[in-house]
Amino acid sequence: MRLLHRYEFKTNHEDWFKSVKPSLSSNISARVLAALNTTNENVKTCYTVRTQMRAAMSNLLKEDGILVIPTTPDPPLMLKSKRTSCDELENRAFILLSIAGMSGCCQATIPLGKHDGCPISLSFIASYGGDRFLLGTLLDLYSSLQKHASIISDMQPLSDSEGDMETAELFKEKGNAAFKRKQWNKAVNFYTEAIKINGESATFYSNRAAAYLELGCFQQAEADCNQAILLDKKNVKAYLRRGTARENLLSYKEAAQDFRHALVLEPQNKAALQAEKRLKKKVTG
């Protein structure tokens, strides 16, 4: 985008600049001279990239998609840093600002208040020609965004432990979603990440055991249920899942004990009742 800016400025304004010789600040003057000294090298490649960028964004967003991004990539405090030059900040800002500029997409930014005295905002990008759609959507969203931004700004920052617990819960929810989609391996991976953060949750182990059962990994499922029961001796699901794992491992007596224990905790549990009847035949047989 920078190369195209310079090339097009030179093409359109070089004669005017040389004839008028306007008085400019040192910063602007340096940019103008950089543009006037640019060559045509790589210009065709730049225009090709711009065309490809527009096609890619059009394919991504189609007619009713909106890309939501931070307006700039840096935290607000960097704006106050004396160690960071204006040119450096601008170069980094264009990492995100050039998306719409290069693709021809329309972009609107909504201010969301301030953080440590610096303004923060969120940008919304719609496909080329989608200006009316984007503005209409933002009119509908604006009051809600402002409300949520206000709530968040009034909240106390989470402690590290609270943040970790929330992250672990997020991984668990992702695991649950993957489980519902029958993506058992993904579910195992998400539950594993949750366990790495919080190894004291019986639910995380019990949920991973359920995914292991679907994969036919019965020993791993049994081990997870052992840990879940160690953490929570009233975890009915862990007893049921360990019973299922043990039944598949042909440990019928141990499996029957697990289902009976589940019935002690939940006397009307249908899965445990059915399993107990089924295992009576296998044990006596």
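Using the three backbone atoms N, Cα and C, a Cβ is placed for every residue, glycine included.
Remember, it's a predicted structure, so these values are computed and weren't measured experimentally.
Copied from TrEMBL, the annotated features are:
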- 27-135: domain 'Amidase' (DOMAIN)
- 168-201: repeat 'TPR' (REPEAT)
- 236-269: repeat 'TPR' (REPEAT)
Positions on the same chain near the repeat 'TPR' (236-269), where near means CB under 8 A and six or more residues out: 202, 205-206, 209-210, 212-213, 216, 218-219, 221-222, 225-226, 228-229, 275-276, 279-280, 282-283
Over the span of the repeat 'TPR' (236-269), count residues by DSSP class, listing helix, strand and coil in order. 27 helix, 0 strand, 7 coil
Just to be sure I understand, if DSSP states are collapsed into helix, strand and coil, how many residues of the domain 'Amidase' (27-135) fall in each? 57 helix, 23 strand, 29 coil
Checked against DSSP, the composition of the repeat 'TPR' (168-201) is 27 helix, 0 strand, 7 coil
